[in-house]
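Single-structure report; data block below.
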Amino acid sequence: MLPFQPLLHAGVFALTVLQALASDTFIAAVYEHAVILPDPTDKPVSPDDALALMNKNMDVLEGAVKEAARQGAHIIVTPEDGIYGWQFTRESIYPYLEDIPAPVVNWIPCTDPSRFGPAPVQERLSCMARNNSIYVVANMGDKKPCNSSDPDCPSDGHYQYNTDVVFDPEGKLVARYHKYNLFRGETQFNYPKEPEVVTFETPFGKFGIFTCFDILFHEPAVVLVSKMQVDTVLFPTAWMNVLPFLTAIEFHSAWAMGMGVNLLSANTHNIGFAMTGDGLFTPEGPATYHYDAGTEEGCLLLAELSSYPSLSPTYPPAINWSLYATSIKTFPGENNTFSGSVRKDIFTFSELRRKAGNYTVCQGDLCCHLIYQMSDKKENEVYVLGAFDGLHGSLIKYHWEICTLLKCKSTDLDTCGQPVEMAQTKFEMFSLSGTFGTNYVFPEVLYSGVQLAPGEFEVLRDGRLKSKHSTSKPLITATLFGRLYEKDLPHPLRTSR
């Protein structure tokens, strides 16, 4: 840890603020962290052992913070679970938790570490920010005592929350967010009683924050953007990739485009759990991204982003996602459909039997339309047009509307919808649209090798996802991923605190 030098720090901080104020852009960083995991145990370790493990991870994170600052970054986002990992019980995670106060307390843990009791993790994160004059975003665990007057108080007398924290370049705690949509394995944490919509102002725009699984739901994700009108969303995540539609890079990039904001996505890196993929995503597409399923290395990404993307001359126009598709009648002779499964969702598919054509596939209230021409169709590769309109999920069910141009795993149609990473067929052009019943549609194009296609497609104002020219790489999928939040079923676990 660097020695505290008040005058030098004040000068550097002032210069940083002035530099940010002088520009309509800022430099952002995300770090994909190969987390050092604790030994599996159902019993709590000692506080000293817990802190020793967290310090090992924070040693790595601090290196990333220093390097990001050296390269001029104004903010760095680190991953969900990046300080202590995952696979805990409620009891075994307790030694890793700290009491995190609300930011209104105006607290700099680096200079006043014992104000709210022992807080070594918050102190160190605060000092990382202060000593490097950079915003630091991290994910950790919060504990809050409760008593019998609270009917929801757990039997052990405290709540435990999956929590994001943000420290400004002075080291002050400026944001705290409790994850509202817990993934099915996060039984060590409690659900907050109400969704939190957390924002804070910076010299380079209005920022909001939420965590991982939250991105798929109306609260807080849509509320944060649509009602609070943030410019940039901070997104610590521990994302397990699921082809063909939910790899980290494709969905997070698509979400930023669909919502019209910057998304600073920092993922954990663990090949055994299919965790990789992060990036700095904008309404126009990825500024930079990283996907590495072959090594165990972490990765630091930096890019210059617009502070106020909605004011940019390249900001995408408002889109009527169903305008084009609803004007088209079903193309004759293309109704030979079959059912196929994408995980447990039953899609309606139609095989693209020719090198070029017009196709229509419908399911429920959704009809998907495709015009395409392949430039080099391989005989051993099969593509389909697919539609899905229904509830997804085994325990927590939420409504999807999906139109997709999809490569099948093999020539056996029963494999259509199974994960595919490689392809050989390129397309001269494609134009995909659908009769969506929602304004929340996220456009994705994924190439062979699980690579994005920045600059190679566009979404027209009438709702068509269209290639700008022939694809530079073979295509895995082109997808319009819609969310009908109003049709989601009530959350079955929300009352379990």
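Placement of Cβ uses the backbone N, Cα and C atoms for every residue, glycine included.
Please treat TrEMBL annotations as automatic predictions, because they have not gone through curation.
The signal peptide feature in TrEMBL is assigned to 1-22.
Annotation source TrEMBL lists domain 'CN hydrolase' at 31-307. Averaged over the domain 'CN hydrolase' (31-307), the predicted model has a pLDDT of 97.
Annotation comment: TrEMBL describes Glu80 as active site, proton acceptor.
Other Cβ atoms within 10 Å of the Cβ of Lys179 (active site, proton donor), summed over all protein chains shown, number 27. Positions annotated as active site, proton donor by TrEMBL: Lys179.
The active site, nucleophile feature in TrEMBL is assigned to Cys212.
The distance from the Cα of Lys179 (active site, proton donor) to the Cα of Cys212 (active site, nucleophile) comes to 8 Å.
Long-range Cβ proximity for Glu80 (active site, proton acceptor), meaning a same-chain Cβ under 8 A and a gap of 6 or more residues, is found for Asn139, Asn162, Asp164, Thr211, Cys212, Pro236, Thr237, Ala238, Thr268.
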